[in-house]
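Report on one structure; see the data block that follows.
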Amino acid sequence: MKQYQILVIGGDGIGNEVTAWGKRVLEEIGSLYEHPFAFDTALLGHAAIEATGSPLPEETLRKAHGSDAILFGAIGHPKYDNDPSLKVRPEQGLLGLRKALGLYTNIRPIKLFDELLNASSIKPEILKGADILFFRELTGDVYFGEKARKDEGKTAYDVMIYSKYEVERIAHKAFQAARRRRKIVHSVDKANVLESSRLWRETVNEVAMQYPDVELHHQFIDSAAMLLIKNPRMFDVILTGNLFGDILTDEASQIAGSMGMLASASIGDSTGFYEPIHGSAPDIAGKGIANPLASILSVALLLEYSFGMKKEAESVVEAVEKTLKEGYRTIDIADNNTPKEKILGTKAMGEQVIKILQKIVVNEVVEA
Ligand SMILES: NC(=O)c1ccc[n+]([C@@H]2O[C@H](COP(=O)([O-])OP(=O)(O)OC[C@H]3O[C@@H](n4cnc5c(N)ncnc54)[C@H](O)[C@@H]3O)[C@@H](O)[C@H]2O)c1
Ligand SMILES: CC(C)[C@H](C(=O)O)[C@@H](O)C(=O)O
Ligand SMILES: [Mg+2]
């Protein structure tokens, strides 16, 4: 039996707090389904800078290349957010690792659990049934274009750049996913202004010819941002670039109820990388109240995409769903009707999910 090597990188702030529970769920899946998972850990971001001087140490890179999948938390520290002049920054670690692993496809499912219909500030009748799959390009765009200062530091620029092949490869992924869903792709760009978006649109049109059964719509980023809140149910698959995808998915977290609910899978040439979409949340770090569900749902994506373990992934999602059905909430997804005793911290929420997961899997075995 193959032994799967999983690298766990907690990172900074709540990244560490929530990833501890993602890892616990993986361990539980390993023992319940008898999968030999082996774990290792590595540093990234601020924690790595403190320990080694580099946000992406050589050792982390080596371990990442040598693993079958990576479970990541988040990086970031207020020290850098408060001082933009600092040259060595936690974000360089994450971006460097995404680039080094060739993780060009970032999949961000916006899954609204019915139990959380009232956790959002958007009206339930607008939200009910919303189910969107984002394909965010992750290794190009303004993130990786040339950036510099000139005029003695008084002018700065970041080049927004895309090559045709970069658009083609992620467009194919989005169309293939749409085929397995409701067969609609919305490609989001700013082609009325940006040349890189005009190349994006041209290329997506060309790729679309190979998928005549999939409906393609183009949407400008500004109106897409509006429609996402006005009518989220109109979207099935959203295909977009790195920067627009970053912004739209934080916005879309409000459809799912909280930043603490959104998981992601980053897929590329080799090792898959799984992380919540949220950051290190310095405002709540160390308080033990962060929602661990985004990390736990990232584990479900890891099991399915990297190991092809569909049943195991479904058990994890079912455990999250049942935990919510039983009324348990972290503070970010609680509403006025949540009884005080059902509002849990990170640890108690993680423990609840695991308890329910154990019951689900034991029942599966009994029924089989
Ligand atoms: N992928 C990443 O590692 C990543 C992503 C986003 C931001 N960041 C970094 O994180 C730092 C903080 O950034 P930010 O505050 O803009 O964004 P953030 O995502 O860390 O937090 C935004 C808001 O959402 C809340 N939140 C986020 N995750 C939550 C969870 N699991 N449970 C409950 N509430 C949650 C926070 O408390 C905060 O109010 C910055 O340094 C930024 O660069 C890292
Ligand atoms: C921390 C930052 C570099 C990162 C991004 O912009 O990709 C984050 O916001 C995310 O969404 O993963
Ligand atoms: Mg982001």
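Cβ atoms here come from the backbone N, Cα and C positions, even for glycine.
The following features are taken from TrEMBL:
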- 5-353: domain 'Isopropylmalate dehydrogenase-like' (DOMAIN)
- R98, R108, R136, D222: substrate binding site (BINDING)
- Y143: site 'Important for catalysis' (SITE)
- K190: site 'Important for catalysis' (SITE)
- D222, D246, D250: Mg(2+) binding site (BINDING)
- G279, S280, A281, P282, D283, I284, A285, G286, K287, G288, I289, A290, N291: NAD(+) binding site (BINDING)
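Shown on the structure are the features that TrEMBL records.
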{"residue": "R98", "record": "substrate binding site", "CB count, 10 Å": "21"}
{"residue": "R108", "record": "substrate binding site", "CB count, 10 Å": "25"}
{"residue": "Y143", "record": "site 'Important for catalysis'", "CB count, 10 Å": "20"}
{"residue": "K190", "record": "site 'Important for catalysis'", "CB count, 10 Å": "19"}
{"residue": "D222", "record": "substrate binding site", "CB count, 10 Å": "13"}
{"residue": "D250", "record": "Mg(2+) binding site", "CB count, 10 Å": "15"}
{"residue": "D283", "record": "NAD(+) binding site", "CB count, 10 Å": "9"}
{"residue": "A285", "record": "NAD(+) binding site", "CB count, 10 Å": "21"}
{"residue": "I289", "record": "NAD(+) binding site", "CB count, 10 Å": "19"}
{"residue": "N291", "record": "NAD(+) binding site", "CB count, 10 Å": "29"}
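Taking a Cβ cut-off of under 6 Å from any atom of ligand 3, the recorded positions R136, K190, D246, D283, I289, N291 reduce to D246.
When the alpha carbons of N291 (NAD(+) binding site) and R98 (substrate binding site) are compared, the span between them is 24 angstrom.
When the binding-site residues R108, D222, D246, A281 are checked against ligand 2, D246 have a Cβ within less than 6 Å of one of its atoms. Mean model confidence of the domain 'Isopropylmalate dehydrogenase-like' (5-353) amounts to 97 (pLDDT, 0 to 100 scale). Ligand 1 lies under 6 Å from the Cβ of the following binding-site residues, listed in sequence order from R108, D222, G279, N291: G279, N291.
In this structure, the binding-site residues under consideration are R136, K287, and the one with the smallest number of other Cβ atoms within 10 Å of its Cβ is K287.
Of the listed binding-site residues, namely D246, G279, A281, the sparsest CB environment within 10 A is found at D246. For G279 (NAD(+) binding site), the spatially nearest entry among the binding-site residues R98, D222, D250 is D250, judged by CA separation.
The record gives D222, D246, D250 for Mg(2+). Within 8 Å of the mean position of their Cβ atoms, the other Cβ atoms in that chain belong to I221, A225, L243, F244, G245, I247, L248, T249, E251.
The subset of binding-site residues (D222, A281, D283, K287) lying with their Cα within 10 Å of the Cα of K190 (site 'Important for catalysis') consists of D222, given in sequence order. Reduced to three states, the DSSP call for Y143 (site 'Important for catalysis') is helix. Note: the Cα of A285 (NAD(+) binding site) and the Cα of D222 (substrate binding site) are spaced 32 Å from each other.
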